[in-house]
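According to TrEMBL, the protein has these features:
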- 55-75: transmembrane segment (TRANSMEM)
- 140-162: transmembrane segment (TRANSMEM)
- 174-195: transmembrane segment (TRANSMEM)
- 231-255: transmembrane segment (TRANSMEM)
- 305-326: transmembrane segment (TRANSMEM)
- 346-363: transmembrane segment (TRANSMEM)
- 416-436: transmembrane segment (TRANSMEM)
- 443-462: transmembrane segment (TRANSMEM)
- 490-513: transmembrane segment (TRANSMEM)
- 573-637: domain 'CBS' (DOMAIN)
- 669-729: domain 'CBS' (DOMAIN)
Amino acid sequence: MDFLEEPIPGVGTYDDFNTIDWVREKSRDRDRHREITNKSKESTWALIHSVSDAFSGWLLMLLIGLLSGSLAGLIDISAHWMTDLKEGICTLGIWFNHEHCCWNSNHVTFENRDKCPEWNSWSQLIISTNEGAFAYIVNYFMYVLWALLFAFLAVSLVKVFAPYACGSGIPEGYLGKWTLMIKTITLVLAVSSGLSLGKEGPLVHVACCCGNILCHCFNKYRKNEAKRREVLSAAAAAGVSVAFGAPIGGVLFSLEEVSYYFPLKTLWRSFFAALVAAFTLRSINPFGNSRLVLFYVEFHTPWHLFELVPFILLGIFGGLWGALFIRTNIAWCRKRKTTQLGKYPVVEVLVVTAITAILAFPNEYTRVSTSELISELFNDCGLLDSSKLCDYENRFNTSKAGELPDRPAGVGVYSAMWQLALTLILKIVITIFTFGMKIPSGLFIPSMAVGAIAGRLLGVGMEQLAYYHHDWAIFNSWCSQGADCITPGLYAMVGAAACGVTRMTVSLVVIMFELTGGLEYIVPLMAAAMTSKWVADALGREGIYDAHIRLNGYPFLEAKEEFAHKTLAMDVMKPRRNDPLLTVLTQDSMTVEDVETIISETTYSGFPVVVSRESQRLVGFVLRRDLIISIENARKKQDGVVSTSVIYFTEHSPPVPPYTPPTLKLRNILDLSPFTVTDLTPMEIVVDIFRKLGLRQCLVTHNGRLLGIITKKDVLKHIAQMANQDPDSILFN
């Protein structure tokens, strides 16, 4: 009797925290697709089923886009309102943020559009005045109190309900429904607390959670892990699309940073998901400006060739800052993991929040949210701008429409420069300690803020240099007196693109281009981003996500690094010369008890099957999980299966003599085409095979005889050993 004619629930699936076998999953999907195609010719119903199967991928992308866009809109609106709640409330309705409150007011002028009688600060509500030292202290105290309350709620919810909702989620990637729910709530709280973090990385995580949960509605994706990962690639694109309002940048981000495997079909589906997500967010209009992002800008002045020099300087600064951030942040996170500090996540978050809030309140550029700060830095000053950054002395009579000449800086600009310099120091230092805490925290926006501040400082410096020394050789050919030569906002934008701690060169440039809508500034952005990458790569090859993956011990084989050593498969395989023999199963001479003993005494995820221990001729490979499930199922459903029943992996089993227990045929769970290499295969080829095929393990043979096995973790340890690192120091979680 072959009880395995019917599929057994659980066979072919994976335990949590296990690497999937891409080759096996793709093969299963091809078999499934072939079966559906063949059946579609038999009946109309089968044809409808075939069409719905083909369409299900696009429907899934539509749902992911709609859900991601809706959640992003909800997060944006909530975070904006709660950020303003730290400073006061609206008497027209507590649900209005500061901007919307003053929009609805009839007592507001254009110059003082942020000040209206309907918006009351906490000092006005508590002591009925907004003037004097005591009012300042009340506002200061309430700002810090709200920040601590938001941070405490965020870290407590993460700690109690969803520990994997912390961080950006990009290197970790836990994608359950609890993680989605808690991440959405705590992301709003974390951003509103005023900590130096962004919501952009976590929005990618939120979109991937949406993708993973919606996969369960479709059989094709629920039962195949490789297909599900294609969906997650598209979901990541949708996440970046709603985070930055950059659908094309989202697709490139997924291709450049997230995906292990990216077929052309996934490219188009990513594009569609990003498009739907962006459209949904645009329909919600969370910022009230009919734009997808808070800091959409348009510059009117063309850039000049000489300006490539300061743009490249910004690239050098961005590369140095990126390398410094990665090294110091990883050192701090390692200290958190290996000392008592890691046992007190709530205390750590509250201390960092308190320090951030206390230092942030006195400076108007650190008090506002980071997105608003970037928006202010990108701004191209007009005549009606009341910002300190636009406090220039107006010494002109006429100007071209929509264009102001370069002007001497006023008192406000000099004051803003000092405040921005202090903001830059605070952001650089505090972001190192903030990223990696047990709350949702993105890194795009804080790193962009650092670059934007440096860019604006340099831009104003260049502008004043051009104004006072327009007769210098470097300026006189293209900058005459009374002309609009330098745009400080453009320098801020180039600086933001240059500060790439993620090493995403292409997608970040496209994201910045989509943000600004200015194709003519693509060359400065590319020059700065490329310089930044070269400088950062010279100081260390890893981006921040790769560094966190390695720190957390996830067995991820990085595709960007070249393997340049002349070792062979026999140097890496297990067992080594003095090790015990490889644990194998024979095809027709082991009992259920023998197999169960091997399973209980080892922790291997699978076992090679050979003809006999003497010949060691390879037959196939069987997974531990499939063995356990099949034996348990046989004991329940097949009469007479006991510990002395012989297990057969052969196609035909011999007839059973009378009074002997029935045999157990497990041919159906045997992989008859496991990936094999010979013992003399160079390791650079083996590493390439593991990377490109996404293998879990590879068997090593010599003239058809099984010699050993190489697992993904063996490859990672060997790469570490070749890089003069201690291979045993790599802890795989």
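Heads up, the Cβ atoms here are built off N, Cα and C, so glycines get one too.
Across the candidate stretches 55-75, 140-162, 305-326, 346-363, 443-462, the maximum count of CB pairs under 8 A to the transmembrane segment (174-195) is reached by 140-162. Between the transmembrane segment (443-462) and the listed ranges 140-162, 231-255, 305-326, 346-363, 490-513, the one holding the most Cβ pairs under 8 Å is 490-513. Broken down with DSSP, the domain 'CBS' (573-637) shows 24 helix, 17 strand, 24 coil. The stretch in closest packing with the transmembrane segment (231-255), judged by the count of Cβ pairs under 8 Å and taken from 55-75, 140-162, 305-326, 346-363, 416-436, is 55-75. Note: the stretches the transmembrane segment (346-363) and the transmembrane segment (140-162) are in contact (3+ CB pairs below 8 A, sequence gap of 6 or more). Here the transmembrane segment (140-162) has Cβ contacts under 8 Å with residues 82, 85-87, 122, 126, 176, 178-179, 181-183, 185-186, 189-190, 192-195, 345-346, 349-350, 353-354, 356-358, 361, 367, 437-440 of the same chain, all six or more residues outside its ends. In terms of DSSP helix, strand and coil, the domain 'CBS' (669-729) has 26 helix, 18 strand, 17 coil.
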